[in-house]
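Engineer: What follows is a structure written as structure tokens; I'll ask about it next.
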Amino acid sequence: MRTLWIVAVWLIGVEGSVIEFGTMIIEETGRSPFPFYTSYGCYCGLGGKGKPKDDTDRCCFVHDCCYGSMPDCSPKTDIYRYHRENGEIICESGTSCEKRICECDKAAAVCFRENLKTYKNKYMVYPDSLCKEESEKC
């Protein structure tokens, strides 16, 4: 079952340390990354183009921008460690890249939680072909 979950998370395009980011999302939202954030809107999942459809999609847009701001790091493969204190995610010390990747993932997971009330099922498994507007700059 754990292997299936790992494969599902990988297929949705979650970057960074798949296990840690997926766990953060579950802890913050009570929802599994798959299927809720697999291909939500124009930015959740692999790639991203167009204008974010809502605040949840904007979380993914900002997450993509965060990863893009660290060209010397490998957010798709670097593994980081974190723990929780009083309910808050604390990124542990590691390399500078690991810490920055963790902070990007933390911000996205918290953003997902903060926008649970406005999550729209109509944007879950949203076709890329509908993301036609000009992309915003980070």
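Every residue, even glycine, has its Cβ placed from backbone N, Cα and C.
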Engineer: Of the candidates Asp64, Asp72, Asp78, which does Swiss-Prot annotate as part of the Ca(2+) site that also includes Tyr43, Gly45, Gly47?
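Structural biologist: Only hit among Asp64, Asp72, Asp78 in Swiss-Prot's Ca(2+) site, alongside Tyr43, Gly45, Gly47: Asp64.
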Engineer: Based on what Swiss-Prot records, which one of Cys60, Cys65, Cys66, Cys73 is disulphide-bonded to Cys138?
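Structural biologist: Here Swiss-Prot pairs Cys138 with Cys65 via a disulfide bond.
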Engineer: If you look at what Swiss-Prot says, which of Cys73, Cys91, Cys111 makes a disulfide link with Cys102?
Structural biologist: Cys91
Engineer: Cα-Cα separation of Asp105 (active site) and Cys131 (disulfide bond), in Å?
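Structural biologist: For Asp105 (active site) versus Cys131 (disulfide bond), the Cα atoms are 24 Å apart.
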Engineer: List the residues of the same chain that sit at least 6 positions away from Cys131 (disulfide bond) in sequence and have their Cβ under 8 Å from its Cβ, in sequence order, or write 'none'.
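Structural biologist: Sequence-distant Cβ neighbours: Gly41, Cys42, Gly48, Lys49, Gly50, Lys51.
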Engineer: Count the Cβ atoms, other than its own, that fall within 10 Å of the Cβ of Gly47 (Ca(2+) binding site), considering every protein chain shown.
Structural biologist: 11
